[in-house]
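Let me begin by presenting the structure, written as structure tokens, before commenting on it.
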């Protein structure tokens with residue numbers, strides 16, 4: 001007796017799936033096979049040892065980047081719109097917040113759509129020059145974001161630690177800082193175009209970044225020096241600023257408690273004390289934002305150092321996570337500032353009432369204000 005099997009849609013799908021599995025295990029195929037010939041000169045020989053990635057990973061990455069890009073562009077776009085159209089939010093310090101949102105917005109505008117398309121095609125499809133521009137954009141906007149956050153930390157330090165003795169920031173001062181941030185970032189970004197390292201496809205072949213697999217130590221030195229000025233130095237400066245911010249607030253709170261004991265009262269809740277409490281809360285919010293940024297970029301830094309030091313193998317799948325975490329930082333900032341800034345919330349709900357889920361009129365809610373706003377309300381004697 002013979003048994004015949006109807007080759008219906010289910011059986012055809014099973015055969016297709018089996019052929020894909022066989023392809024992934026076929027040593028004759030590599031992750032580079034889908035790359036166009038004009039891109040091959042940018043790809044390191046190291047990646048030829050890896051088989052093609054499962055299309056599921058490309059689909060998952062493309063979907064995730066698409067969602068993150070939409071959230072980031074909407075969130076940062078709202079931050080820019082609200083801060084620039086609300087009179088009591090147009091302060092010198094808040095210009096730094098707008099610059100941060102602007103940098104994050106441009107990052108996702110430049111990188112998210114391209115990566116979604118590449119993930120759909122399972123390889124880079126825009127050619128070598130676009131690959132270089134893509135890597136350039138990631139470097140430029142990433143550097144601008146972290147140094148903007150560093151300037152925000154210095155602004156907090158100047159007001160909270162130095163108090164009324166601090167020289168208040170002016171609009172010209174804020175604009176000068178922003179101009180310096182972009183000039184500094186651009187200088188680091190264009191260096192690979194002049195021979196100090198280069199921008200090449202990542203191992204997943206859907207994104208581009210610096211060449212951390214090069215054997216040339218002159219090119220490797222770019223990654224080392226870049227990480228010093230764009231990762232480690234800002235990190236130390238931010239830690240320094242917030243260390244003294246926490247110290248100043250802690251000393252103030254201790255003095256307030258001692259004074260309350262002398263006056264035989266439960267606490268002293270003057271306007272100044274309330275403002276200090278607000279500044280303390282905002283310092284925590286800003287510190288959380290910066291911590292999230294470093295959490296986002298650290299995986300990519302680790303991948304770069306692993307490559308130049310050849311300390312461990314790097315798989316194409318690992319480069320996916322580096323790209324994903326790096327781009328996710330553009331989503332954090334509008335969420336954190338939107339939650340923590342009641343004047344931003346009030347302006348947002350006034351323009352978009354549908355976004356208001358509940359009333360935030362309690363004293364506790366209103367006390368969690370942005371340090372940038374508090375700074376501008378303090379006397380500048």
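The first residue you see is number 1, and the count goes up from there.
Using the three backbone atoms N, Cα and C, a Cβ is placed for every residue, glycine included.
For 1-62 (among others), the entry in Swiss-Prot reads topological domain 'Extracellular', with the evidence type sequence analysis.
Residue 28 (N-linked glycosylation site) has a Cβ environment of 7 other Cβ atoms inside 10 Å. Swiss-Prot lists 28 (among others) with the feature N-linked glycosylation site, giving sequence analysis as the kind of evidence.
According to Swiss-Prot, the feature transmembrane segment maps to 63-83 (among others), an assignment based on sequence analysis.
According to Swiss-Prot, the feature topological domain 'Cytoplasmic' maps to 84-96 (among others).
Marked as transmembrane segment by Swiss-Prot on the basis of sequence analysis: 97-117 (among others).
Long-range contacts of the topological domain 'Extracellular' (118-133) within the same chain: residues 34-36, 38-39, 41-42, 52-53, 55, 58-59, 61-62, 65, 192-193, 198-201, 205-208, each at least 6 residues beyond the stretch ends and with a Cβ under 8 Å from a Cβ of the stretch. Residues annotated as topological domain 'Extracellular' in Swiss-Prot: 118-133 (among others).
According to Swiss-Prot, the feature N-linked glycosylation site maps to 121 (among others), an assignment based on sequence analysis. Residue 121 (N-linked glycosylation site) counts 14 other C-beta atoms within 10 Å of its own C-beta, drawing on all protein chains shown.
Summarising the annotation, Swiss-Prot assigns disulfide bond to 131-208. Other Cβ atoms within 10 Å of the Cβ of residue 131 (disulfide bond) number 23 in total over all chains.
Among the features that Swiss-Prot reports, transmembrane segment is placed at 134-154 (among others), with the record citing sequence analysis. For the transmembrane segment (134-154), the list of distant contacts is 93, 96-97, 99-100, 103-104, 106-107, 110-111, 114, 126, 177-178, 181-182, 184-186, 188-190, 192-193, 199-200, 207-210, 230-231, 234, 237-238, 241-242, 286, 289-290, 293, 297, 326, 329-330, 372: same-chain residues at least six beyond its ends, Cβ to Cβ under 8 Å.
As annotated by Swiss-Prot, topological domain 'Cytoplasmic' applies to 155-173 (among others). The average pLDDT for the topological domain 'Cytoplasmic' (155-173) in the predicted structure is 86.
Sequence annotations record features per position, and here Swiss-Prot assigns transmembrane segment to 174-194 (among others) based on sequence analysis.
The feature topological domain 'Extracellular' is assigned by Swiss-Prot to 195-221 (among others), with sequence analysis given as support.
Of all Cβ atoms in the shown protein chains, 28 besides its own fall within 10 Å of the Cβ of residue 204 (N-linked glycosylation site). If you look up Swiss-Prot, you'll see 204 (among others) marked as N-linked glycosylation site.
Per Swiss-Prot, the feature transmembrane segment maps to 222-242 (among others); the stated evidence is sequence analysis.
Under the heading topological domain 'Cytoplasmic', Swiss-Prot lists 243-284 (among others), citing sequence analysis as support.
Here Swiss-Prot flags 285-305 (among others) as transmembrane segment.
The separation of residue 204 (N-linked glycosylation site) from residue 28 (N-linked glycosylation site), Cα to Cα, is 18 Å. Ranked by the number of CB pairs under 8 Å to the transmembrane segment (222-242), the listed stretches 97-117, 285-305, 317-339 are led by 285-305.
Per DSSP, the topological domain 'Extracellular' (306-316) is made up of 5 helix, 0 strand, 6 coil.
DSSP assigns residue 28 (N-linked glycosylation site) to coil in the three-state reduction, outside any helix or strand. Cα separation, residue 204 (N-linked glycosylation site) to residue 131 (disulfide bond), rounded: 13 Å. Between the transmembrane segment (285-305) and the transmembrane segment (174-194), fewer than three CB pairs separated by 6 or more residues in sequence fall under 8 Å, so the two stretches do not touch. With DSSP classes pooled into helix, strand and coil, the tally for the topological domain 'Extracellular' (195-221) is 5 helix, 6 strand, 16 coil.
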